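Novice: Features from TrEMBL:
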type	residues	note
COMPBIAS	1-15	compositional bias 'Polar residues'
REGION	1-80	region 'Disordered'
COMPBIAS	19-32	compositional bias 'Low complexity'
COMPBIAS	41-60	compositional bias 'Polar residues'
COMPBIAS	61-80	compositional bias 'Low complexity'
DOMAIN	92-157	domain 'RNA polymerase sigma-70 region 2'
DOMAIN	190-240	domain 'RNA polymerase sigma factor 70 region 4 type 2'
Amino acid sequence: MEVPQLSQSSTTQPAAEQASVAVADRSVSAVSTAGPDRSVNARSTLTASPDSTVSAGGSTPSPGDTAAAGDPASPGDDVAATWTPPTWDEVVREHADRVYRLAYRLSGNAHDAEDLTQETFIRVFRSLASYKPGTFEGWLHRITTNLFLDMARRRSRVRMEGLPEDTDRIVGDDPSPEQVFSETHLDPDLQTALAELPPEFRAAVVLCDVEGLSYEEIGATLGVKLGTVRSRIHRGRQALKASLERAAATREREALG
């Protein structure tokens, strides 16, 4: 039984922070509407920048957002001394496609992918001034993946509360297989199989087999030991194989009538 989508809670925010959220929302909407292959043109229409409404230095970074940004730089480090944080426009232009695709592959639907992408860039904006030179892509992977796992845990708590046994199946608004392929370039059966994995396994498999991260990078992103990474990937791949075999068998039976 599918679980109803949770709407994001509405909280009172300072006017300046609301403005930055609105800008991030417009950025994400343009990217996700255009699709990963056409988002460059969509991003070129963005004229507003959070810098015009909020100072990044005045925001409090979320815990953990900067922990894995890069190796702590010593006071005499030339790179740290000369490094200049990228602008909002540069971050969106260079990384929006990658973040949205990762969010889509983790969540399996466009609505959650848009929410995850929006929240990722809000976190990036809040923490950009305190970011230390390192692997920027790795930082984005960490934020996006952790936000996805947080979302999955929240929904798991709702699932544990249970629904009446006679509750009708809830019709979802997930995209069709054709839309999945066009937006993520993953085989529809594979995307479906990924969606059936436990969130922790799904994150490990996507980061390894889709995003191409090493086991060490995945461990740093997820905050787990190397042995745990290997176990999750192994078990996730086994589950994927079984799911894909079932899908193939189903198609074969349908073809035979």
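Each residue, glycine too, has its Cβ placed from N, Cα and C.
What you are looking at is a predicted structure, and each value in this text was computed from that prediction instead of being measured.
Give me the local environment of each listed feature.
Specialist: Per-residue pLDDT, averaged along the domain 'RNA polymerase sigma-70 region 2' (92-157), amounts to 89 for this model.
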Novice: Provide the three-state DSSP residue tally for the domain 'RNA polymerase sigma factor 70 region 4 type 2' (190-240): helix first, then strand, then coil.
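Specialist: The breakdown for the domain 'RNA polymerase sigma factor 70 region 4 type 2' (190-240) reads 42 helix, 0 strand, 9 coil.
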Novice: Counting by DSSP, what is the helix, strand and coil composition of the domain 'RNA polymerase sigma-70 region 2' (92-157)?
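Specialist: Helix, strand and coil residues of the domain 'RNA polymerase sigma-70 region 2' (92-157) number 59 helix, 0 strand, 7 coil.
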